[in-house]
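Student: I have a structure I would like to understand better, so I am pasting it below and will then ask my questions one at a time.
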Amino acid sequence: MKKITTGLIIVVAAIIVLSIQFMTESGPFKSAGLSNANEQTYKVIRVIDGDTIIVDKDGKQQNLRMIGVDTPETVKPNTPVQPYGKEASDFTKRHLTNQKVRLEYDKQEKDRYGRTLAYVWLGKEMFNEKLAKEGLARAKFYRPNYKYQERIEQAQKQAQKLKKNIWSN
């Protein structure tokens, strides 16, 4: 009887552990693909300005606007190039052109202009956050995309404290 009870406890414990691993997709049930269904990897084929890029999606060009940041204008019609706009654009070109990036979408995937909205990851680094940290973008969020708001705002505060680029005055 004692042997059966011990065996039953071991089986129940194993079922619980495997169930938890299955629900969290860890252990032997971990997905081989992307870590999140809201993420995809693309090659950056062109940089429009500091916060807008074009990626190759299955042979088609896709215009992408980075969520949570707003860099000074450089290409907006009827708008002069704003201070640090060229620096932000050059920074993005230097880091992202011809690079494979991982895109992470939030709740709304397109803006009113039809651009894809995403967080851009270069390796393990979120590029949107990097722009704010370098003082080359202001944190700017629109409903309903707030996933990394606190993180990007913290990066901006750090740049402000250090008086980097757009915060230098």
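From the backbone N, Cα and C atoms, a Cβ is placed for every residue, glycine too.
Sharing the feature lines straight out of Swiss-Prot:
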ACT_SITE  Arg65  active site
ACT_SITE  Glu73  active site
ACT_SITE  Arg115  active site
SIGNAL    1-26  signal peptide
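How buried are the listed features, and what sits near them?
Tutor: For Arg65 (active site), the number of other Cβ atoms no farther than 10 Å from its own Cβ, over all displayed protein chains, is 18. Secondary structure at Arg65 (active site), as computed by DSSP, is strand.
All protein chains included, Glu73 (active site) registers 17 other Cβ atoms within 10 Å of its own Cβ. In the three-state DSSP scheme, Glu73 (active site) is classed as coil.
According to DSSP, Arg115 (active site) is assigned to coil rather than to any helix or strand. Around Arg115 (active site), the C-beta neighbours below 8 angstroms that are at least 6 residues distant in the chain are Thr52, Asn63, Leu64, Arg65.
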